[in-house]
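**Student:** So Swiss-Prot says this about it:
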- 1-21: transmembrane segment (TRANSMEM)
- 50-70: transmembrane segment (TRANSMEM)
- 77-97: transmembrane segment (TRANSMEM)
- 111-131: transmembrane segment (TRANSMEM)
- 151-171: transmembrane segment (TRANSMEM)
Amino acid sequence: MFWLLALLAYLLGSLSFAIVLSRLSGSPDPRSSGSGNAGATNMLRLAGRKLAILTLLGDLCKGLLPVLLARAAGLDLHAQAWVGICAVLGHLFPLYFRFKGGKGVATAAGMLMALYFPAALLAIGAWLLTFYLTRTSSLAALIATPLTLPLLAWREPEALLPISVLTVMIVWRHRNNLRDLFAGRERHF
């Protein structure tokens, strides 16, 4: 059951709402325009608030639904977390879009919502505060994601390893943003 759910999670994660919505609306492809990222922040820049919100909600659901399905199937929290990771991998490397996807932040947030809601609230709160103070989405993601680790280690230790892997994946996907942050070239809103 785990492997079937992991495959389904990857396939669902591979559905890129940013790419689909940009095609349907006639907006530029987010992979080749703006920041080059197929995610909600770039959709906000390229296509406006409405499509950015739809992208965000779709990406959140891609992380949330597979974990809830894994829970309904009776998988333990550790296995649920790995199923969620498969959804994030689908978002990062989508089968349907030549393996060029987004950075996984919203999909990871959806996954966290299903795994341990207080960790998701912590991450979302940290993201919002950092973004409010800096107007920099990438910095907000880089600060918010690892903040969940101590809370999970304390309250849900069986999810710590998969969430640590998730944190590394998200930081790795933001490596160009890190370079731009240190060079003072990162985009702000």
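Numbering starts at 1 and runs along the chain as displayed.
Glycine is no exception: its Cβ is also placed from the backbone N, Cα and C atoms.
Thinking about packing and proximity, how do these listed features fit into the structure?
**Tutor:** Only residues 6 or more beyond the boundaries of the transmembrane segment (77-97), in the same chain, are considered here, and those with a CB under 8 A from a CB of the stretch are 2, 5-7, 9-16, 19, 31, 38, 59, 62-63, 65-67, 69-71, 103-104, 107-108, 110-111, 114-115, 156, 158-159, 161-163, 165-166, 169, 173.
Sequence-distant neighbours of the transmembrane segment (111-131) (same chain, 6+ residues past either end, Cβ-Cβ under 8 Å): 60, 63-68, 71, 77, 80-81, 84-85, 87-88, 105, 137, 139-141, 143-145, 147-148, 151-152, 155-156, 159, 163, 166, 189.
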